[in-house]
Each structure stands twice: as structure tokens, then as C-alpha cells.
Amino acid sequence: MVLDELISEFDRGLRSLTGISRMSRPVPVPTEPTVGELTPAERAHAAGLMRVNHVGEVCAQALYQAQKLTARSASSKAMFEEAAREEEDHLAWTAHRLKELDSRPSLLNPLWYAGALAIGVAAGTLGDKVSLGFMAETERQVESHLDGHLSELPATDTASRAIVEQMRVDEVKHGKAATDAGGIELPLPARMLMRAASKVMTRTAYYL
């Protein structure tokens, strides 16, 4: 059983890094038709933002894989699995949008993935309440990050905006579920360290 689980997660990791993630839900579509074309500068900026979002989803896969494997209770394992499945949709959606924008994922995805996997293992070994608290705080920070992207994306880029808006809905749900399941609030130094690490990742991934 443990071996089967490890093989399954290894397969998911490979799919995360090779861009062949499975999509269980279709790519969100704009509620209103796109008006006008993106300028080259707008297209480049949108691509940078969506590359950052794609990196975030690569990291989410690694985090939730590690937290699922180290979780003590069956209910916690199930929660991390459900979140990972929905985040895999996000991974596929952002990859799809990057192709539409004639861009590419981050060249450093293996590094981001490995780092997030290590962090997920560390959080998981501290117990389910801490691990769920880490999940809740991660989702809160991602929610804030997506709000920022919605304010930055060109108004005419309705395709990217539709994807980010649905991602935000899912992240809020994941964070609430983790808190409701008993996730504790992380100490301020831990939250600040998470924000600092996130800034390094987002600033680098925008270009690389």
C-alpha cells in the first residue's frame, strides 16, 4: 500500500514537471467576450504573471504530496489529496494559458518543486495540526497574491483573469477546509519567513 502510494505520487511529480498534468475540470472561460488585442507589452506582462502562477501550482503539488505522505490521520490525507487534485487543474490551466500567450513555464521548476517538497515534509513531520495550519497560511498568502495579479492583469486579458478568478475561489476553499479541520495558526516568524520565500520565488519566476 505504501509502495503504491509512493509510485502514485512519483508519477504526479513527474507530470507536474513535464507539463502533462491531468485536467479534471475544463479551463475557465470568460463570462464576457474579449475586447481588443493585447499589446506586446501587455502580453509579456500577462505571461510573466501566469508563469508565476504556474510555479505556484508546481510548488502546491510538491507541498501537498509531501504533506499527504507524512499525515497521520486518514482524514488529513484525504484533504491533502483533494486539494492536490484541484491544484493539478490549476497547473494544467496555467500551462495552457502560457502556451496561448506564446510563453513557457519557469526554467527553474525542478528547483521550486524540490524546495517545496522538502518544506512539505518538514511541515508534515510536525504533526497534522501544524501541517494543516501551514496549508491554511499558504492558501491565505496565495489568495492575497492572486488578488494582486487580478489588479495587474490587463483588463482585456479576460482569458487569464477567468483562470485566476477560479483559482482564487479554490484557494479560499482549501484554506477554510484546513482551518476547519483543526489547523493551528502559525507563529508570526514562520508566516514572515513564508512571505519572504514567496517574494523570492515570484520575482525570479516572473523572468525565469
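Positions of Cβ are set from backbone N, Cα and C atoms, glycine also.
Residues or ranges marked as Fe cation 1 binding site in Swiss-Prot: Glu57, Glu87, His90, Glu171. Marked as Fe cation 2 binding site by Swiss-Prot on the basis of sequence analysis: Glu87, Glu139, Glu171, His174.
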Cα of Glu57 (Fe cation 1 binding site) to Cα of Glu139 (Fe cation 2 binding site): how many Å, rounded?
11
Enumerate same-chain residues with a sequence separation of six or more from His90 (Fe cation 1 binding site) and a Cβ-Cβ distance below 8 A; give 'none' if the list is empty.
Asn53, Glu57, Ala60, Ile163, Met167, Asp170
I want to verify one value. Collapsing DSSP to three states, which class is Glu139 (Fe cation 2 binding site)?
helix
In whole Å, how far does the CA atom of Glu87 (Fe cation 1 binding site) lie from that of His174 (Fe cation 2 binding site)?
10
Can you see whether DSSP assigns Glu57 (Fe cation 1 binding site) to helix, strand or coil?
helix
